[in-house]
Amino acid sequence: MEHKKIGAELQDSYDDQQKWVLDSSLDSRGRVPLRARTGAWRAALFIIVIEFSERLSYFGLATNLVVYLTTILHQDLKTAIRNVNYWSGVTTLMPLLGGFVADAYLGRYVTVLVATTIYLMGLLLLTMSWYIPGLKPCHQEMCVEPREAHKIAFFIAMYLISIGTGGHKPSLESFGADQFDDDHVKERKMKMSFFNWWNVSLCAGILTAVTSVVYIEDRVGWGVAGIILTVVMAISLLIFLAGKPFYRHRTPLGSPLTPMLQVFVAAIAKRNLPYPSDPSLLHEVSKAEFTSGRLLCHTEHLKFLDKAAIIEDKNPLALEKQSPWRLVTLTKVEETKLIINVIPIWLSTLAFGICATQTSTFFIKQAVTMDRHIAGFTLPPASMFSLTALTLIISITIYEKLLIPLLRRITRNQRGINILQRIGTGMLFSLITMIIAALVEKQRLDRTNNNHKPTMSVIWLAPQFIIIGIADSFTLVGLQEYFYDQVPDSMRSLGIAFYLSVIGAASFLNNLLITAVDTLAEDFSGKSWFGKDLNSSRLDRFYWFLAGLTAANICVFMVVAKRCPYKSVQPSQDSTDSSVSAA
């Protein structure tokens, strides 16, 4: 009879897991979500649509921003580049603030709504600055000096877009991933695919931006392009709102930094206490008491922090009155360890970010100096980036549909290969990209110096644009998945912001690296690697330098990745699968 009773309880637990989503999510009415009616792809598709729209608008403006500043606002090149860098810097840093606000206070859904509304206001103001008489650049068609009112409206609009991007990017992606239950076998596999298809949508937006939108801006008019981007963003916002009944929400739990500080303060205060003989003696709440998030398994590294969970007085009444700055749960300790774990990975992927930034800077400048006539059509230099976006779409599709099923059979890993292996594979492709770029640039310089040879075709740049696209499909997608998965559940928007900051920090490092390398080259050889133009520069040597830096960084990454533990979650009482590791 006892066995039958236990069997019935297990069956009831399994049935509950299939019917309800028991991962602390709530539906739009604040109730436990029904699995059959909420989340998964039925919700994620609404979210992916608005990501396409945001990337379309962002890259439609960002790739042509220098052109706008120099031709419409008549700024000199140095001033225009400085303004672009300021704008890019703010746009890169804002996701850290937006992710924090989403995780701590507003929640991801509300943050996306607020950020998209701000974004839409920026697009609307940008469009109005071309049609409202008082905000137009000039009265006449030929304009020597644009109006001050137009300049003010333009920069306010662009920084509204920057603020909107800061709240939009980290919140939307983490909100999309929240629609899949990690404790459910089928939905966990769907989440692995979500990041791949998310990037397909992202690249589709980029591809459309650097072809159609850029063409409309150059040939038809900035005002017309503004109308199109504003309408597309408004429609996507309505589509996002239409999906509200299907969304699963996570309740914000306050500042995620406070528990981390509590762990450090408690660990330092109890640093002289002996470590317990059994980790099970460390303080932890029961699964029944833990109603928000998931309990984490104990890990052996950074054991000093475990002292924050040592129980000094086992009296139940004393335990309840214990200050959270003196005694914390084991899960809070493990969450702090997770943040410490991702720092070496973040640092060891910056070299890849530096390689990736060449795509939108030196690669494009190379295209400007080459023959861009293809079948009677003059290709805009920025449109070369479409090769990277198109390659990214194709690579992700092949990886999702062909490689993952094959690798699953070989490795018996649900992901095919683990996240860090995927990131490392992309780094190898970035190394190949830099080697090819160096060889192509040396060939271009040789032809330029030999006046008898024809100008090199821009098609020669295709391999480096394509291979960096393959690298992105492994490393960038892997970084998104890693930083979402491996941070505490309460910090997932910030996790996406960490991923975005890899590219942002790499952009700043790239500028510092160029300055440092140029100074050293002048000191040792008396000749700069970066002249007034590409033909008087030695960009090929800089590419070889980046190739060497990337090769050394890959070795460092392999050591870091081998020692880096993955998040390990305690199996829930209702889990349908015993595999709880995020690896």
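Backbone N, Cα and C atoms are what each Cβ position is placed from, and that goes for glycine too.
Remote same-chain residues near the transmembrane segment (86-106) are listed as 62, 65, 114-115, 158-159, 162-163, 165-171, 174, 252-256, 490-497, 500-501, 503-505, 507-508 (criterion: CB distance under 8 Å, separation of at least six residues from the stretch ends). The transmembrane segment annotation in TrEMBL covers 86-106 (among others).
Summarising the annotation, TrEMBL assigns transmembrane segment to 112-132 (among others).
Per TrEMBL, transmembrane segment is recorded for 194-216 (among others).
Annotation comment: TrEMBL describes 222-242 (among others) as transmembrane segment.
Taken from TrEMBL, the feature transmembrane segment applies to 338-364 (among others). Using a Cβ-Cβ cut-off under 8 Å and counting only residues 6 or more beyond its ends in the same chain, the transmembrane segment (338-364) has close neighbours at 63, 260, 296, 302, 381-382, 384-385, 388, 420, 423, 426-427, 430, 433-434, 437, 461, 464-465, 468, 471-472, 475-476, 479, 482-483, 486-488, 491, 495, 498, 501-503, 505-507, 509-510, 513, 539, 542-543, 546, 549-550, 553, 556-557, 560-561, 564-565, 567.
Annotation source TrEMBL lists transmembrane segment at 384-407 (among others). Through the fold, the transmembrane segment (384-407) approaches residues 63, 192-193, 196-197, 199-200, 203-204, 206-207, 210-211, 359-360, 363-364, 367, 413, 415-417, 458, 461-462, 465-470, 472-474, 477 of its own chain, all at least 6 residues removed from its boundaries and within a Cβ separation under 8 Å.
Here TrEMBL flags 419-440 (among others) as transmembrane segment.
Annotated transmembrane segment per TrEMBL: 460-484 (among others), in sequence order.
Residues or ranges marked as transmembrane segment by TrEMBL: 496-521 (among others). Under 8 Å from some Cβ of the transmembrane segment (496-521) lie the Cβ atoms of residues 85, 88-89, 92-93, 95-96, 98-100, 169-171, 173-174, 342, 346, 349-354, 356-358, 361, 479-480, 482-484, 487, 527-530, 538, 541-542, 545, all in the same chain and six or more residues away from its ends.
Same-chain neighbours of the transmembrane segment (541-561): 344-345, 348-349, 351-352, 354-355, 358, 362, 420-421, 423-424, 427-428, 430-431, 434-435, 437-438, 441, 514, 517, 521, 529-530, counting only residues six or more beyond its ends whose CB sits under 8 Å from a CB of the stretch. The annotation transmembrane segment is assigned in TrEMBL to 541-561 (among others).
The list of residues near the transmembrane segment (460-484) in space but at least 6 beyond its ends in sequence, with Cβ under 8 angstroms from a Cβ of it, reads 173-174, 177, 192, 195-196, 198-199, 342, 345, 349, 352, 355-356, 358-359, 363, 366-367, 370, 384-385, 387-392, 395-396, 399, 419-420, 422-423, 425-430, 432-433, 436-437, 440, 443-444, 492, 495-496, 498-499, 502. Within its own chain, the transmembrane segment (419-440) is flanked in space by residues 345, 349, 351-352, 355-356, 358, 363, 366, 460-461, 463-464, 467-468, 470-479, 481-482, 485-486, 540-541, 543-544, 546-547, 550-551, 553-554, 557-558, 561, 564, 566, 583, which lie at least six positions past its ends and keep a Cβ under 8 Å from the stretch. Residues 46-47, 49-50, 52-54, 56-57, 60-61, 68, 72, 112-113, 116-117, 119-120, 123-124, 126-127, 130-131, 213, 216 of the same chain lie 6+ residues outside the transmembrane segment (222-242) yet bring a C-beta within less than 8 angstroms of a C-beta in it.
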